[in-house]
Amino acid sequence: MTDNRYDNLGQLGTSTPLPDNPDTAALERVANPCDAPYMTRFVCPEFTSLCPVTGAPDFAHLVIDYVPRDWIVESKSLKLYLGSFRNHGAFHEACTTGIGQRLVKELDPVWLRIGGYWYPRGGIPIDVFFATGEPPKGVWIPDQDVPGYRGRG
């Protein structure tokens, strides 16, 4: 027996190639199955993109937190969307805030934040943060707890 609420999903349960770039990557959503407010966290410790100037690889640890309203993101589509940045040239700030803005556009969450903890290039780590506003009251919002980059120090 199949649940027709999920007929709109085109990636889950199928062999889906990695999209060429984030602009063409499909983010899929499903109806929020919960009535109570809650927070969902996605962690991508091996996010990659390319420097738009040199083409050198950039690496980040992403933490995405959101409080859903009517929709939740389907996790395989999120994984493929994030993977589509692998050969995409953009600065750290554009990647991090662009991911947050795309999720807001697709999901219309109560609240969302993303932390992009970028590994050093040229000796300088860059951390980029985006949020839609203050966290809602009555929902447990844990710290992202990603330590600052220390290298050998």
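Each Cβ is built from the backbone N, Cα and C atoms, and glycine gets one as well.
Annotation source Swiss-Prot lists active site, thioimide intermediate at Cys51. Listed in sequence order, the residues of the same chain lying 6 or more apart from Cys51 (active site, thioimide intermediate) and placing their CB within less than 8 Å of its CB are Pro57, Asp58, Gly89, Phe91, Arg121.
Sequence annotations record features per position, and here Swiss-Prot assigns active site, proton donor to Asp58. DSSP gives Asp58 (active site, proton donor) a strand state.
Under the heading substrate binding site, Swiss-Prot lists Val73, Glu74, Ser75, His92, Glu93. Other C-beta atoms found within 10 angstroms of the C-beta of Ser75 (substrate binding site) number 12, with every protein chain shown included. Reduced to three states, the DSSP call for Ser75 (substrate binding site) is helix.
Taken from Swiss-Prot, the feature region 'Disordered' applies to 1-22.
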In whole Å, could you give the widest CA to CA gap in the substrate site formed by Val73, Glu74, Ser75, His92, Glu93?
-> 24
